Ligand SMILES: CC(=O)SCCNC(=O)CCNC(=O)[C@H](O)C(C)(C)COP(=O)(O)OP(=O)(O)OC[C@H]1O[C@@H](n2cnc3c(N)ncnc32)[C@H](O)[C@@H]1OP(=O)(O)O
Ligand SMILES: CC(C)C(=O)C(=O)O
């Protein structure tokens, strides 16, 4: 790296727009969406999609609600050309979906592009040529007037080919490629020249797509560029302004969002941000960002896992586990304070009377995307009692009292530190079983019991295994639990008092079980926690006392 990067790189200049309006606007309605997965996404893949993959992707895009889909670059070769022709002939393009194709501004390529769409009811042909200084100099070795002429000639080809194939309702899109690094007034001049040729109207507008072909500035600059363009373009009402951002600086989504504030009508992008280099703007993220602001994006990602599976299959690229909204880990908290807040958020939700979503650390309800709540909390060495309790509740229906949660969490923490890995629900359950529930290794185990009354007292008569020997024990108290404690004390067990008791049902009907929890205090002031599970609630509480005694 250079000590002084300014010898090699220059800061991006400001846009001369003193009275910019976009910063005080909000997005209140969705744009027109175009998916370029089958074109910009596809051209960036190691192995571009074959017809089978393109078909699967196309069908997915239709299911997600895309109404404009860039299906390929027909002049690139037979793979795309044949796919597009077959797509048109197959009848699988719904009436409300418009296919779009991209072409360079070269007469033969434009002709091929039109031919690929022959027979389509309606279609968009998208023409591009780069307009920025570096491309003019390096790629084309041309001055501004010649670059403008490429666009004008291309527009004439669009017009003439549309006249050649009148069976289709043709629409046109023009991209001044590299718009965001070009002189704004020149982009406007070129777009206006293209409009002069194609004569769009408010009823049949041209799409002017303004790409950040390579993202080179902060998103506010892109927004300024869009607002400037929209305010200075002649005959603005005859154009739909479209955004096409790339993610080179990691702000492709932000740029598109600010571009919408700046007055754009349409957004081009790819699912999960596939595309050249760092990718195109992610349509899933922008759409769901709107959704979480209460704006219906008009795209349906309610089965996000199906979307991911198809996208990963077709692109042969995994969706990153931290990708917004879709990533495997984006609704998962491992850390204790997040888990505590999420658990409280879900508990508060059960008590509230409306749908408003206010679960801390979860910006969207995972259920809206077809995800369940199982993965929202996972346990490792960073976790806390709330997380452990959540997993036991989700997995086994156990609702541990708060102090017992804290006590058991030490057991789990030790296990996580020892194993240095995530603990699965099964690991946690086995630790709980080993710690609280009956097992061969426990000192006191229940075999059978009965209860009788003597005046105000209760008399517990139990058959227990104590230190491996089956023995009959009995105890007297003013309730069942105190009589069990008395029986234990007379049989070599600890002297304890009950400090806290709770119980709840697990499940419903004849399969229901009772869970009982006790906190006992020993003569020397220690707290012992116990849990008992049984189909009978009284037996569950007897087991809970024995469980606490086993902890002594
Ligand atoms: C920003 C983007 O994503 S743009 C889309 C890019 N996508 C693709 O390129 C995928 C499909 N492309 C292809 O299959 C091929 O590149 C083709 C069929 C388009 C063209 O193939 P070829 O002519 O063999 O090669 P190539 O792409 O290198 O052509 C470069 C020539 O086109 C010119 N050119 C580049 N872009 C354009 C344009 N938009 N309009 C007119 N001419 C252009 C270049 O200046 C260069 O001209 P030169 O040969 O006189 O120097
Ligand atoms: C052709 C245009 C729209 C493009 O893909 C880009 O500039 O990134």
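Here the Cβ of each residue, glycine as well, is placed from N, Cα and C on the backbone.
Any TrEMBL annotation is an automated prediction that lacks curation.
Taken from TrEMBL, the feature domain 'Pyruvate carboxyltransferase' applies to 31-305. Looking only at the domain 'Pyruvate carboxyltransferase' (31-305), the predicted model's pLDDT averages out at 98.
According to its DSSP assignment, residue 246 (Mg(2+) binding site) is in a strand. Taking the Cβ of residue 246 (Mg(2+) binding site) as reference, residues of its chain lying under 8 Å away and at least six apart in sequence are, in sequence order, 211, 212, 213, 214, 215, 252, 275, 276, 277, 278, 279, 280, 281. Annotated Mg(2+) binding site per TrEMBL: 40, 244, 246, 280, in sequence order.
Under the heading region 'Regulatory domain', TrEMBL lists 439-552.
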Binding-site residues 40, 244, 280: those with Cβ under 6 Å from an atom of ligand 2 are 40, 244
In chain order, residues whose C-beta lies under 8 angstroms from the C-beta of residue 40 (Mg(2+) binding site), counting only those at least six residues away in the same chain, are 70, 244, 268, 270, 275, 276, 280
Summed over the region 'Regulatory domain' (439-552), the DSSP helix, strand and coil counts are 27 helix, 59 strand, 28 coil
Comparing local Cβ density (other Cβ atoms within 10 Å) for the binding-site residues 244, 280 points to 280
